[in-house]
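What TrEMBL records for this protein:
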- B:20-40: transmembrane segment (TRANSMEM)
- B:69-91: transmembrane segment (TRANSMEM)
- B:72-282: domain 'ABC transmembrane type-1' (DOMAIN)
- B:103-125: transmembrane segment (TRANSMEM)
- B:156-178: transmembrane segment (TRANSMEM)
- B:211-228: transmembrane segment (TRANSMEM)
- B:264-284: transmembrane segment (TRANSMEM)
Amino acid sequence: MPTDTPADARRTAPRRHSVTAPRPAPPRRGHCGPSSALSAAVLVLFALFFTVPVLWLVLAATKTDEQLVHGNPLSFGSWQALRANWAALSGFQDDVVLLWLRNSALYSCLALVITLCVAIPAGYALALTEFRGRRTLLVVTLIVMIMPNSTLVVPLFLEINAVGLIGSTWSVVLPFSFFPFGVYLAHIFFSTALPRELLAAARLDGCSEFGVFRHVALPLATPAVALVGFFSFVGNWTNYFLPYVLLPESDQLPIQVGLGTLLANVPQFNPTAGALAVERPQLALAALLAIAPVLVIFLFAQRFLVAGMLAGATKE
Amino acid sequence: MASGRVRWPGRAGHGFVTPYVVLLIAFGVVPTGYAIYFAFTDAGDTFVGLSNFLAAANDFRFVTAVGHVAIYLICWLPSLVVLVVALALTLHRVTVRSASRALRFLYYVPGALAGTTGVLVWLFMLDPAVSPAAFLLHAFGFDTFGQVVAPEHLPILFTVIAFWTGAGGWMVVMYGALNNISPDLIEAAKIDGAGAWRTARHVQIPLLRKWIVYMVILAFAGGTQLFVEPQLLSQASVGVAGRDYSLNQLSYDFAFQNNNVNTAAAVSVELLLVGLVVAGLFVARSRFFDAD
């Protein structure tokens, strides 16, 4: 499901073996002839399927509505039109789009910080310490991790409503911070990539349990922190259902939900749209702004990410 | 210390997991319990047995919503498996490494548009007035947006959108799993005279099985939760898709339109049960997660 980025990415797990002992590449068969030409055609066709919509979205933001309908769909409009779209978009309900972006950043970043503070120590303890209930906690984590996070949205509303927190920032930030997949990632990392002798040596030197974590394990856990942070941020930034249900006021919405409001004001999609009509290129620009942070992370973290996913795939 | 774990300091371990356990209870256990409580009581907090479940099941929208989700899953799961596996196998045969890497990245990029944005982009892609694939839509005989998003097309359209945002990530995973198959095995198959097709059929696909099952489980569990796609479409379809297309929408509607949280909770409990059973069976049976 596209709405479940964390679920979607659950197979990622760092693994030392993939870093220190890269497997030799399998020998590739040289081939030519009609079958490989067909393969190439299929691969290129799917590449177009995956990329043309993104390209179209980027270009659409630079056009006027008239150009959008009559021009070549994959042509560049003009910088002028882009500026005009931005002016119109930021004029929508007094800069509310900027406010939505700010809200998204606030919710995702707060949740990111809490998630890291909670998930990394929990994963460490599950992997490297023994305590009562450890196995139960691990199994519960695995089960909750596989369940889509939208299952609990309506019940969460009932709970948060009962304690009178509906509409507060924490009503979305705290559920966002509950991230069992992050705990699982940290657990895998610590149980495969951290030499236990190192911890034992630190204990012999008189380090406290917290000291071992703080001074030995944590400095070595940068890859786990980065991976957990990435999936937490992307998952929360793109979450729609939870804030949609929990936040009643327009000025509290994150951009994902705000886009829905904009969409409902585009006359071509909703004939009942009122006087505050939004033009389609402005909607495209808003969508582009909404994905910009995630897209930038994807582009710059590409090598790291793919390496992480591959490591996940090598898990026995 | 035989296992390398620290046996004695139970308290240290508890200290590390306490914040997580607090969140797990507050946002996992309590809402579950709360939903169950609401599902079995009425507005006056008296126990009413299964009557909320019956009320939900007898609602005229319930059976249609179950049908919608079922048809969507029937379209979505097989196409996901067939296309992801076929494309990963094809990609794996590409000899130019940089081309293969670039393709994998391109397939993966739409993952950044998960959620609302992906649906929005596809609303445009499906509108013959502005779509870069308008020629295709016209070739199928669709001239207006309304014709494209006709109710009987929705399962296919949701499948396309879900595939577009999610398939690339799975292809990267399958590709990695294929890379992990011992080259000797492939070589042996080749010496025995197996072509690309038979190698895939008898060597590679069986070794991918674990990953395919994992993908299907997650896609199934996620698919039952369909919400954002029909919800946005109901705002933007000239009224074609209703606000009660999927089960999650129905639960939302019971809670917020009909002001009937008990029936809403009953639908949530049913969805929860499906998720729990699927996840529990998978964790228990597959040994995918070697819990230690």
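Cβ from N, Cα, C; glycine included.
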Highest-contact recorded stretch vs the transmembrane segment (B:103-125), from B:20-40, B:69-91, B:156-178, B:211-228, B:264-284, CB pairs under 8 Å:
B:156-178
Same chain, outside the transmembrane segment (B:20-40) by at least 6, Cβ under 8 Å from its Cβ: which residues?
47-50, 52-53, 261-262, 264-266, 268-269, 272
Paired segments the transmembrane segment (B:69-91) and the transmembrane segment (B:264-284) in contact, 3+ CB pairs under 8 A:
no
